[in-house]
Amino acid sequence: MVSLEKNDHLMLARQLPLKSVALILAGGRGTRLKDLTNKRAKPAVHFGGKFRIIDFALSNCINSGIRRMGVITQYQSHTLVQHIQRGWSFFNEEMNEFVDLLPAQQRMKGENWYRGTADAVTQNLDIIRRYKAEYVVILAGDHIYKQDYSRMLIDHVEKGARCTVACMPVPIEEASAFGVMAVDENDKIIEFVEKPANPPSMPNDPGKSLASMGIYVFDADYLYELLEEDDRDENSSHDFGKDLIPKITEAGLAYAHPFPLSCVQSDPDAEPYWRDVGTLEAYWKANLDLASVVPELDMYDRNWPIRTYNESLPPAKFVQDRSGSHGMTLNSLVSGGCVISGSVVVQSVLFSRVRVNSFCNIDSAVLLPEVWVGRSCRLRRCVIDRACVIPEGMVIGENAEEDARRFYRSEEGIVLVTREMLRKLGHKQER
């Protein structure tokens, strides 16, 4: 393990990102989000009033100084590709800055798509080698968080690791959804199990397990060697968590990086924020938290901006209708192009170009772009998919049986509404 002085840290914080390439795994379907991902990959799902989920990983890269990125796509990639082309095309290739789109190459005989997360990188190795990077940062494109990857790169170099895995404690009852590790006093990973049925607890905190976040830093040459070896293994599932990380752990070359060391927060005393918004309830809850008085995730931090594609839209408008009812909102996010006419919106998130007509009451709802709400509607504890036309007088979120019959209702009572569901009920979706 190498001990570095403060000046060395500052120098490495500038140099290491320039020697790195980030590969963002963005091909996931996100089946737990149900119909919300029928026509788009999970990283392309809208979030926070104006963003897409993948914007967080991409913004973290830029803010960390990494300006060479590859986005590995697969499932329903059109929306994702379109978003990146529109919103992330400002790089200067002459300065060796880029976002490369890497679709499934379908090079394997008898295989049409990526066989696992590691195979997604393997199939693009010929392209990735051309980047001539010293370090490769592997990221999931479907998580919400702010992280300075330069700090993780410094930790990787300082510990003399060949592979570094970002980790954080999670409640032991939730740990079965993650790779779980045990570490020694130097953060060397001494045991790693992917999604165990009975997760081991942390020695100093029996109620929690130390979970992998699916964020990795590799020495580039070591990663390429591992991937080629894994590709030849017929018994491998070609997955980082299931195959590569346990193998590296067994070789004694994997180290853990505690997420709090690189998590970017405005309040240093706040809990580190990282969310896998993979279920409808988690997605709904994370969106609504942004509308709270003091949200857990600070989206207003000028030092760590989250970038996205910005349409040229007029400001949101709140108007009084002809009956004298005022358009009002409280504890909500309302994006550009929205019009709220004579209705009340409380603790909700409205994406761009949403129109709410008179006499409506919207409470704890997430309305994706271009939703049109007819007069006298009541929407509560729901997610309304893009461009839905909610007919006049419709009530959602007040009758569990009725909601489950017409739409998708989660066990927690969150209702998902899509255009297809509304069409099946006989409601036209064209205006």
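Just so it is clear, glycine is given a Cβ too, placed from its N, Cα and C backbone atoms.
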Beta-D-fructose 1,6-bisphosphate site partner of Arg419, Glu420, Met421, Leu422, Arg423, Gln429, Glu430, Arg431 (as recorded in Swiss-Prot), chosen from Lys19, Lys39: Lys39
Coarse DSSP state, helix versus strand versus coil, of Leu422 (beta-D-fructose 1,6-bisphosphate binding site): helix
Cβ contacts of Lys39 (beta-D-fructose 1,6-bisphosphate binding site) (under 8 Å, same chain, 6 or more positions away): Gln76, Thr79
Between Arg52 (AMP binding site) and Lys195 (alpha-D-glucose 1-phosphate binding site): CA-CA distance (Å): 27
Winner by Cβ contact number (other Cβ atoms within 10 Å) across the binding-site residues Arg130, Arg386: Arg386
Assigned conformation of Glu194 (alpha-D-glucose 1-phosphate binding site) - DSSP reduced to three states: strand
Euclidean distance between Cα atoms of Tyr114 (alpha-D-glucose 1-phosphate binding site) and Arg130 (AMP binding site), Å: 21
